[in-house]
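Can you read through this structure? Questions will come right after.
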């Protein structure tokens, strides 16, 4: 009898994607983050679905409904903590996944990479609108500050901002539509993730050496399924430790106070995973310039394939590029720290220097390093 998983129309797709998929034999734990992101997405959709059953998207009751979930709903506190900290785990995996792509030259699969950048932007949008929903002080003021950036767009800016708000300020209409966006976007992310995977399966996975692995492939199951299961177990363990022992450590204390349009918090700042971009936004003393720099800090990922100058794909055997890569990582950590600090010296100048070096590293130094390494590899005799 012919194996059903190889003949059934639906099972065949699953078989080619997760069972008989030929995978390079040498991919390391850095290749686990794709499956971890899938696990994060499933956790977020499930916990979000249960939260949506009890949440009300009205300015008068939103804050109370979140308190009601935590106090009165069976395991509501756990569902809420898993959802809030699940977002942090999601972004941690995303940043590591993107970092892996840059280090090992995975961006040369241009279609997969571009869909990945669109996915990153969509997840960031989802997280932003979701952060507004509890209607705490930082939710409200974060929404006010970030949506206000639209008004920097010449000519249509103010109209656009008021269109997004559904009025003349962040209010009931804004909260209702943000809830609608937050509900629909994860399903769009799921669809994009499937497109991302289908493009990846057109070429096959990259590997740490950056060399074509076609001559040495192994089946995905059982070798990488068991490896992914281990990754998911470690992810769940970390998430549970965070959600059970320190659920509020990554949040903002201002969000324990209901939104008050008449009282501005002393330091308005987003969640930790947006701080690097927020620092770049604040480092430019001009509103439109700041907005453009904020957009450029993410959209720069789209041109990374065009900036690849090295003859080798991966950074595994490129020490100069490796050094610059880790300087870039340190730079992003510095930006994250600066984003959480008040706007005063010395933080202003550190933020400006870090923002400048971020763009300098990606646009100038890393392409030059690739060219230098090509030159060093040429025989000199």
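Positions of Cβ are set from backbone N, Cα and C atoms, glycine also.
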Swiss-Prot tags one of 33-53, 54-74 as transmembrane segment - which one?
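Spelled out, Swiss-Prot records transmembrane segment over residues 33-53, not the other listed ranges.
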Quick check on the annotations: Swiss-Prot lists transmembrane segment for one of 113-133, 134-154. Which range is it?
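Checked against Swiss-Prot: transmembrane segment maps to 113-133.
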Taking residues 6+ outside the transmembrane segment (33-53), which of them lie with a CB under 8 Å of any CB in it?
69, 79-80, 82-83, 86-87, 89-90, 93-94, 96-97, 100, 182-183, 186-187, 189-190, 193, 228, 231-232, 235-236, 239
Near the transmembrane segment (178-198), which residues from the same chain, at least 6 beyond its ends, have a CB less than 8 A from one of its CBs?
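Same-chain residues near the transmembrane segment (178-198) but 6 or more away: 17, 37-38, 41, 44-45, 48, 52, 55, 57, 112, 115-116, 118-119, 122-123, 125-126, 129-130, 132-133, 143.
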Other than its own, how many Cβ atoms are within 10 Å of the Cβ belonging to residue 83 (heme b b562 binding site)?
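The answer is 21 other Cβ atoms.
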Could you tally the C-beta atoms, other than its own, that fall within 10 angstroms of the C-beta of residue 97 (heme b b566 binding site)?
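I get 20 for this one.
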Tell me, by DSSP, whether residue 201 (ubiquinone binding site) is helix, strand or coil?
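Where residue 201 (ubiquinone binding site) sits, the three-state DSSP reduction gives helix.
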At a threshold of under 8 Å on Cβ distances, which of 113-133, 226-246, 320-340, 347-367 pairs most often with the transmembrane segment (77-98)?
226-246
